[in-house]
Amino acid sequence: MIRSGGAGGAAGSAGGDKPTLAVVGATGAVGTVMLSILSERADIWGEIRLIASPRSAGRKLTVRGEQVEVVALSEEAFEGVDVAMFDVPDEVSAQWAPIAASKGAVVVDNSGAFRMDPDVPLVVPEVNAHAARVRPRGIIANPNCTTLSMIVAMGALHAEFGLSELIVSSYQAVSGAGKEGIDTLREQLTLVAGTELGTQPGDVRRAVGDTGPFPAPMALNVVPFAGSLKEDGWSSEELKVRNESRKILGLPELRVAATCVRVPVITTHSLAVHARFENEVTVEAAHEILAGAPGVVLCDDPAEGEFPTPADAVGTDPTWVGRVRRSLDDPKALELFVCGDNLRKGAALNTAQIAEVVAAELAAGAAAR
Ligand SMILES: NC(=O)c1ccc[n+]([C@@H]2O[C@H](COP(=O)([O-])OP(=O)(O)OC[C@H]3O[C@@H](n4cnc5c(N)ncnc54)[C@H](OP(=O)(O)O)[C@@H]3O)[C@@H](O)[C@H]2O)c1
């Protein structure tokens with residue numbers, strides 16, 4: 001292990017030359033993708049410790065081709081951990097991330113518990129990697145999956161044109177609601193397959209019965225509500241897109257309006273974006289920026305049927321961008337369509353990238369001592 005102190009400086013001594021990583025929530029939808037991402041990326045970690053609820057203790061999961069036993073979440077589970085990724089519900093992170101930080105780990109948290117805390121940086125390495133270095137609580141937050149699915153592309157366009165407004169409609173996959181969301185859609189698809197359902201009011205709703213974590217049937221449907229209800233009719237997901245985009249881009253006054261819609265896609269969120277800038281834009285310039293932006297793939301040739309879709313983008317790392325058009329009524333605005341795997345860049349990949357930034361910083365600190 002390498003020690004520098006989670007909350008910015010306390011800490012112990014080196015025991016090995018590769019940092020120890022903990023994955024908290026290793027059994028969940030994000031955790032499962034995290035284990036495959038950790039198996040694919042450069043092997044910078046020493047021990048990788050897998051943590052979940054007591055329900056999963058003793059289960060064996062595969063990471064880096066090896067079987068590793070899951071341990072139950074406890075204070076002792078963080079002994080000797082340099083970096084702890086949290087892929088657990090908000091309330092579990094809220095309680096346990098500060099405990100992990102107090103044990104000396106740098107926490108990278110995927111939940112919504114700390115994202116808007118002014119003492120917790122909200123980091124997307126392609127956009128604001130520098131922010132990860134200042135972490136008074138020893139915690140770095142990972143943005144929500146809807147924001148993450150578009151922000152790399154928007155950050156690149158902002159750097160060139162200066163973003164002033166975002167109007168976003170999302171088409172969100174059911175895996176954004178975790179394993180329960182995936183199971184619910186798969187069960188509903190089995191119930192409606194091969195039937196004539198979807199032709200009479202309420203016939204799908206009656207056939208599927210329990211709608212699981214969603215407020216309406218997901219099979220053969222679109223549902224204009226994701227998250228929980230907040231003030232004035234906005235959903236929590238819609239407010240996250242606004243607040244998190246502002247924080248990541250460092251634009252506290254950015255005008256943002258989002259409508260978040262759940263669609264019957266297993267994994268990969270899509271967003272239709274109207275982006276207004278300080279300066280006039282052209283499709284050619286936007287194409288050039290997007291084609292050269294790290295983490296972005298431009299896929300924009302509708303005459304050839306080339307545009308991003310979730311079915312093509314799922315399981316891949318980049319943000320896919322297509323349908324780039326200049327607004328007919330506003331020379332400062334672009335319309336575009338974006339797809340990003342909500343479990344990869346939208347969650348696990350971004351967390352892994354942040355953890356790698358931290359590991360490099362810890363290694364540099366250890367080398368300088
Ligand atoms: N799904 C997405 O697209 C997405 C994107 C970005 C961020 N996130 C966030 O990432 C987090 C995980 O989401 P998910 O979709 O992976 O959820 P999930 O599939 O429901 O998995 C939850 C994980 O948390 C563990 N857990 C639950 N209660 C626990 C407790 N009391 N103590 C220890 N571990 C506990 C579970 O362990 P057991 O298996 O032992 O119960 C499981 O490993 C959430 O905060 C979510 O908002 C999700």
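Just so you know, glycine gets a Cβ as well, placed from its N, Cα and C.
Nobody curates TrEMBL annotations by hand; they come from automatic prediction.
Values in this document were obtained by computation on a predicted structure and should not be read as measured data.
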Record says T27, G28, A29, V30, R55, S56, S175, G176 bind NADP(+). Source is TrEMBL. Which of N342, N350 does it list for that same site?
N342
Would you mind listing, in sequence order, the residues at least six apart from H269 (active site, proton acceptor) in the same chain with a Cβ closer than 8 Å to its Cβ?
C145, T146, S149, S170, Y171, Q172, A173, G176, P310, C339, G340, N342, G346
What is the separation, in Å, between the Cα atoms of R55 (NADP(+) binding site) and R262 (substrate binding site)?
30
CB neighbours of R115 (phosphate binding site) within 10 A?
22
Neighbourhood of ligand 1 - recorded positions from R55, R115, Q172, R262, H269 with Cβ under 6 Å:
R55
Among the NADP(+)-binding set T27, G28, A29, V30, R55, S56, S175, G176, N342, as the record gives it, the longest Cα-Cα distance in Å:
26
Taking T27, S175 as the binding-site residues to compare, which has the smallest set of other Cβ atoms within 10 Å?
T27
Check the DSSP secondary structure of R115 (phosphate binding site), expressed as helix, strand or coil.
coil
